Amino acid sequence: MHVQDKGGIGALTALSLLLVAVTMVTPTQAAYKLQERYSWNQLDFAFPNARLKEQAMASGDYIPQNALPVGVEHFGNRLFVTVPRWRDGIPATLTYINMDHSVTGSPELIPYPDWRANTAGDCANSITTAYRIKVDECGRLWVLDTGTVGIGNTTTNPCPYAVNVFDLTTNTRIRRYELPAADTNPNTFIANIAVDIGKNCDDAYAYFADELGYGLISYSWELNKSWRFSAHSYFFPDPLRGDFNVAGINFQWGEEGIFGMSLTPIRSDGYRTLYFSPLASHRQFAVSTRILRDETRIEDSYHDFVALDERGPNAHTTSRVMSDDGVELFNLIDQNAVGCWHSSMPYSPQFHGIVDRDDVGLVFPADVKIDENKNVWVLSDRMPVFLLSDLDYSDINFRIYTAPLATLIENTVCDLRNNAYGPPNTVSIPKQVGPGPRPGLSAVGPPLYTNQYRPVLPQKPQTSWGPSPPSRSYLPSLGASPGGPGQVVSSVSVSTNSVGPAGIEVPKAYVFNQHNGLNYETSGPHLFPTLQPTQSQVGGGLKTYVNARQSGWWHHQHQG
């Protein structure tokens, strides 16, 4: 695989730069606002010393080419990054960057909270595989351990699904909760989480999207209990939206159900609205957290879920987040872009904008987050290339971008400070009604989101872009591509025969989670033994180093 060099902008004259900027940016498109903070050809981990790193590589405990970052979250001076154990050789799945020590560049990932807590297969004490994570306003880090090692047909399940919550002040785990068997099924794959804080930190709920088991799981912090909503067709994929095109690779993820989720600010009734989308879909759905917080509604809530309009073509999304003033950001994986929508506006393509797009740096923007200071963080990882072809490890493959939210949405349809869009309109979930006919419902199910919006909003204005140079040193083409109208063809060139030819159905990172009552393979280079070492084993490598300490070297590294 290679990346085509777009060239610097120094050779462009002022006139040609202006022409490029004007012709390449659509009316809803922002212009190179995300700033690259960190980047890697391949991931590296902060081993205690060089000798242990060499031993880990020699033994297969660390295989750099097998590590792919998928989740990002920011808190204080730490930027958390998750690395699932899809392949052997992943020494830690929950890691962070000390941003005081590494302002930019390609920093080593530090296991969080320490090496021992990242021991695969040590179910009660460690995290085997983490995907997307969430920091709440109470300073807690929520991590769902899927308990899996491997990908597709290679998946094993050393541990059950478990919610892990860490106090980020003390860096200690303060809660571990195993999902009961009733909350999962043989196809369960949970890779996303949303956290809902109510009137105080104890009034907290987490929601988990079961992408391949087609369900939505609620967990109550106060009750330390969970329950599952699984009887809704909105959790399922759209059979017409299972075809994907990313980085020049055509593939089918037609089985991908509910995935991306976001929560609105608390509404006047004291609850939030959860928005969600199946991955194989271009449509968004909504439900009040009043329903999700009520265990008695798991079988009687069909009409409380609401369908919104489609986003438009090439609009698959895996990650979404909403600010406390109602701006939703979401990745657009087919378009190498990050989109936006203001939740006070109708959910229609007219009111969707693109805050940034990059056919090199944003190939598969896997995760999007907004931190407590309203800074946006975006992680891109070229995931389909990693899964279906070969990454070129002489090229930059993984990037983390950041920008203030206000900067990203400025002069887009999501910026309500622009009076041309008219005053905001309140959009709310329909109230629960009692027995009897339900207004607006037909015999076939719930209606589309058809609230009347007043005042009538004018057509989105055209946005003019000046000749100021972009923040990055290349200008990716955003025009029509050879793939047809609206088709995005990335400038990343890949081979397509190392795993399978492009265009065929390929296994994604899903599992068949049947932990209860079954035996699973728990050996291999990806698992560290949990027994204390004998005296003769001291100095025997990373495994021994981890097991010889109650806590890892993280504290020394952090204080250093």
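Keep in mind that glycine also has a Cβ here, set from the backbone N, Cα and C atoms.
Taken from Swiss-Prot, the feature signal peptide applies to 1-30, supported by sequence analysis.
Annotation source Swiss-Prot lists N-linked glycosylation site at Asn153 (among others), citing sequence analysis.
Neighbours of Asn224 (N-linked glycosylation site), defined as other CB atoms within 10 A of its CB across all chains, total 10. Residues or ranges marked as N-linked glycosylation site in Swiss-Prot: Asn224 (among others).
Taken from Swiss-Prot, the feature region 'Disordered' applies to 452-492.
The compositional bias 'Low complexity' annotation in Swiss-Prot covers 471-480.
The 10 Å shell around the Cβ of Asn153 (N-linked glycosylation site) contains 7 further Cβ atoms across the protein chains shown.
You'll find the Cα of Asn224 (N-linked glycosylation site) roughly 33 Å from the Cα of Asn153 (N-linked glycosylation site).
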